[in-house]
Structures are given as C-alpha cells and as structure tokens.
Amino acid sequence: MGLPVHNQPHKAHSGSPASTFSAALVSSAISNVIGYPLDSIKVRQQTYNFPTIRSCFQNAVKNEGLKGLYRGLTLPLISATLSRSVSFTVYDSLKLTFAHVDPTLRYFISGLGTGTFISLFACPFEYSKLYSQIDMLLRKTNMGRRQETNSKLSVRPPLSSFQSASDIVRRYGFTALWNGYRYHLTRDALGSACYFTIYETFKKNLIANDVKPHFAYAFSGAFCGALSWILVFPVDTAKSIVQRNTLLSIKTPLSSIPWLSFTIYRGIGISLMRSALINSCNFTLFELFRETKVLSK
C-alpha cells in the first residue's frame, strides 16, 4: 500500500493515486497468475467432497490436465487485478479522509469501506470464475441425476470464464451474476478491514524494530493474507456453496450451511498457502514499485 510509517528511519512513499494504481496493477497481475492454480483447487475442495489437497489435484489433472488448473483465469485475473488496483487507491483515499481517527481504527474503517465498494464489481467476475472452475464437476452431477454416461462429458469442451459469464446470463438472467452477493459483500468488507489493519500494524512494528523493509513487506503481506482469510473463510465457503447450489437449482437456507462443522473449513489449507503466497508477493512488489517509482518513469 505504500503507506507512510511515521517517526521511523525508513520512509515509505505514499505517492499519487496514479502511482498507487499502476503499482498495484502490475504487482497484482503477477501474484495472481502465480497463485491461481491454488485457488482452483480451493474452489473444488469447497464445493465437492475431496478429502485432501492431493486427491483434488490428482482428480483435476487426470480429468482436465494441468491446464485445467488455469481454466477460467482470464476473467478473474482482469477482475482481481483491477479490483486490487482500485481497492488500494480507494483505501489510500479513505485513509486520508479519516486522518483524524486513531490509526488502528482508521485502517479498519478504510478497509471496510474499500471492501464494500469493490464487492459490487467483483461479484460477477468471481461467480463466473467459480462457474468455469466447477463446470466439469457440475456436468457430472447433472448427468448422474439423469443417469447419463460420462462419455457425454466430451460433447462440449470446458467453458472459459467469458463463456461462463455469457452462459449464466443466458440461462439465469443478468442479475444472476450477483447470486450469493450478501455473502460476497460480508466476506470482502470484513476481510478487507482485517487485511489492511493487520498489514499496516505488522509492517509498522517490524520496521520500528529494525527489520529490513522488504522482509517486513513480505512477512506482513503473508501474515495479513493468511490471518484475514481464516477469519472470513466460513463466509467464503458459504458463498461457494450457495452459488454452486443455485447452478443446480437447489435452494440453500441459511440454516443448512454447516457453520459449526469442520466441513465449513474444507479447502482452508490450500487457501492459506495461496493467500500467503499471493499477498507476500503482491505487497513486496507493490511497495518496491512505489518506492522506486519504476512505473512512473
């Protein structure tokens, strides 16, 4: 985020909105390409009963090949990259607006507002991504209900993320792209609030204790990504279940979601790996670009 650390020997560069946006754009694109296969495995574990990360990975590779783990990358990459760029820019602006507030509360409020704003635009992209990622599994489920053979799976090739969005609109209507939005909103608002607060606090304390800035960025990014994800993971699982069931024409009452069951955390292992990796990479690159102003030249 390139936020200033007051009264410390190391000075972070806050920069202009344009420099914030461009630095976040490039760093987010790189980190999301690196972490996408882990996200694909996470979604499969959340929506179908794979007992381990290994079994989920083996199933995906066996049925779809390694490229299957990158299926649906285009649309969420655009979404994640743009939303991260906008969110960092919005966050910096909100932080200035609440400059008179206690630092920790300022980080939390600014993150909360950022997540709320971004969720409105990110939901259709994420829903299309989920649709694309579990398309093969959905067809197996539907064919099993109709007692059809798996050989018919080869009739239609897997959908891309753009094809998924088009298919959702064609079959369910334009507003269907926001199915499960209340869960998405809750996840993004609370997640962003925790995310930015944890990152800012840890980064500031590490640098204050003479930790090298780049290590502070990497560690704080990994830690904020993992911890904030643990806090909102049940909501993310509920979102995936609701969206999957909508595609299967199954109603999902709030009481039917296993909030107090360990199954709500299915896929948490791969999610923590992904979140730590992506955010460590993202914040390190972001802060580096902001400090060197390499993208402004």
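Cβ from N, Cα, C; glycine included.
Per Swiss-Prot, the feature repeat 'Solcar 1' maps to 15-97. Taken together, the residues in the repeat 'Solcar 1' (15-97) have a mean pLDDT of 87 on the 0 to 100 scale.
Across the repeat 'Solcar 2' (102-205), the DSSP tally of helix, strand and coil residues reads 89 helix, 0 strand, 15 coil. Annotation source Swiss-Prot lists repeat 'Solcar 2' at 102-205.
Annotated repeat 'Solcar 3' per Swiss-Prot: 212-292, in sequence order. Secondary structure of the repeat 'Solcar 3' (212-292), assigned with DSSP and counted as helix (H, G, I), strand (E, B) and coil, comes to 67 helix, 0 strand, 14 coil.
Below 8 angstroms of C-beta separation, residues 1-2, 69-70, 73, 76-77, 80-82, 84-89, 92, 270-271, 273-275, 277-279, 281-286, 289-290, 293, 295-296 of the same chain, each at least six residues beyond the ends of the transmembrane segment (18-38), sit close to that stretch. Sequence annotations record features per position, and here Swiss-Prot assigns transmembrane segment to 18-38 (among others).
If one looks beyond the transmembrane segment (72-91) by at least 6 residues along the same chain, the residues whose Cβ comes under 8 Å of a Cβ in the stretch are 1, 17, 20-25, 28-29, 32-33, 36, 39-40, 110-111, 113-115, 117-118, 121-122, 125-126, 128-129, 131-133, 159-162, 164-165, 192, 196, 282, 286. The transmembrane segment annotation in Swiss-Prot covers 72-91 (among others) and is backed by sequence analysis.
The transmembrane segment annotation in Swiss-Prot covers 107-127 (among others) and is backed by sequence analysis.
Counting residues 6+ beyond its ends, the transmembrane segment (184-204) has Cβ neighbours under 8 Å at 1, 3, 5, 8, 87, 91, 103-104, 107-112, 114-116, 118-120, 122-123, 126, 216-217, 219-221, 223-225, 227-229, 231-232, 235-236, 239, 279, 283 in the same chain. Among the features that Swiss-Prot reports, transmembrane segment is placed at 184-204 (among others), with the record citing sequence analysis.
Per Swiss-Prot, transmembrane segment is recorded for 215-235 (among others), and the stated evidence type is sequence analysis. Listed as Cβ neighbours of the transmembrane segment (215-235) (distance under 8 Å, sequence separation of 6 or more from its ends, same chain) are residues 183, 186-187, 190-191, 194-196, 198-199, 202-203, 206-207, 259, 264-265, 268, 271-272, 275-284, 286-288.
The transmembrane segment annotation in Swiss-Prot covers 264-285 (among others), and the record cites sequence analysis as its basis. Long-range neighbours of the transmembrane segment (264-285) within the same chain, counting only residues 6 or more positions beyond its ends whose Cβ lies under 8 Å from a Cβ of the stretch, are 1, 23, 26-28, 30-32, 34-35, 38-39, 41-46, 49, 53, 56, 84, 199, 214, 217-226, 228-230, 233-234, 236-238, 257-258.
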